[in-house]
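Colleague: This is the structure I have questions about; it appears just below.
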Amino acid sequence: MHDLWPTILLGIIEGLSEFLPISSTGHLLVAEHWLGERSETFNIFIQLGAVLAVCLIYKERLSSFLFLWKDREKLPYFLKLSVAFIITSILGLWVKKMGWELPKDLGPVIIAIFGGAFWIYFTEKVSSQRQSFVEEISWPTAIAVGASQVVAGVLPGFSRSAATILMAVLLGVSRPAATEFAFLLGIPTMFAASLFAWIEETHFLKNPSLDSPLTLATGFCVSAVVAFISVKWLLSYIQTHTFIPFVWYRVGLGFFLIALVALGWKTQ
């Protein structure tokens, strides 16, 4: 059981930070510094655990997409999700083809954390001037949200949730509607990204993970449970609150990471 504590803690951190607009990357970097770096396969499993939580929360919405031929009113929403995902996929593959790689030090992550804080603050200030918000996702909004996922992907620390949710809010969508669209879009996006990363990691299944099945299962389950709780909380919170508190949390996280760098900590 003692050997599983690092796995449990990393699962908790992933579950808390994956869908909140606070950046899972920044938190996992710090955690893995003290708990030990984990394999890409382990990271994929805890991310999939978080995705499963969102699937369970939106199970009715997702199941309704299986019967679009019965309920045509949901077809436009499904098509907008599909187009947003396609845009994310095309732009993501283009960025990958250009040779982009994840940064190997904390500098770019810290910049992205502060950049995400500014993005949230700016969007909330602009949206505070609006007299009303819309509940429907327009085609321009769907396209913009799909593109914004790529920004979060190339700037680890920015936060996919912060990029997508706040993009929709900036374009006049209510926080609950923006969050739902962003989370539903995140399901196929994160599944696809996890599959792509897994294939790369295993070199087409020729180099299997050294993690034990117990380790992978524990990380997956812990992440799923914690993500379920945190997403449920967020969906309730945004009914009556703004995202401004996350700005100050991110600023605090950014300065904490700066302090670590000043003390000589490196990720390599």
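Backbone N, Cα and C atoms are what each Cβ position is placed from, and that goes for glycine too.
Straight from Swiss-Prot, here's the annotation block:
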TRANSMEM  39-59  transmembrane segment
TRANSMEM  75-95  transmembrane segment
TRANSMEM  106-126  transmembrane segment
TRANSMEM  179-199  transmembrane segment
TRANSMEM  214-234  transmembrane segment
TRANSMEM  243-263  transmembrane segment
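In terms of burial and nearby residues, how do these features look in this structure?
Modeller: Sequence-distant contacts of the transmembrane segment (75-95) (same chain, at least 6 residues past either end, Cβ-Cβ under 8 Å): 65, 68, 137, 139, 142-143, 145-147, 149-150, 153-154, 181, 184-185, 188-189, 192-193.
For the transmembrane segment (106-126), the list of distant contacts is 21, 23, 25-26, 29, 155-159, 162-163, 166-167, 169-170, 242-244, 246-248, 250-251, 253-254, 257-258, 260-261, 265-267: same-chain residues at least six beyond its ends, Cβ to Cβ under 8 Å.
Same-chain residues lying 6 or more positions outside the transmembrane segment (179-199) and placing a CB less than 8 Å from one of its CB atoms are 19, 40-41, 43-44, 47-48, 50-51, 54-55, 57-58, 61-62, 80-81, 84-85, 88-89, 92, 137, 142, 145-146, 149, 153, 160-161, 164-165, 168, 173, 205, 231, 234-235, 238.
Within its own chain, the transmembrane segment (243-263) has Cβ neighbours under 8 Å at 20-23, 26-27, 30, 106-107, 109-110, 113-114, 116-117, 120-121, 123-124, 162, 165-166, 169, 175, counting only residues six or more beyond its boundaries.
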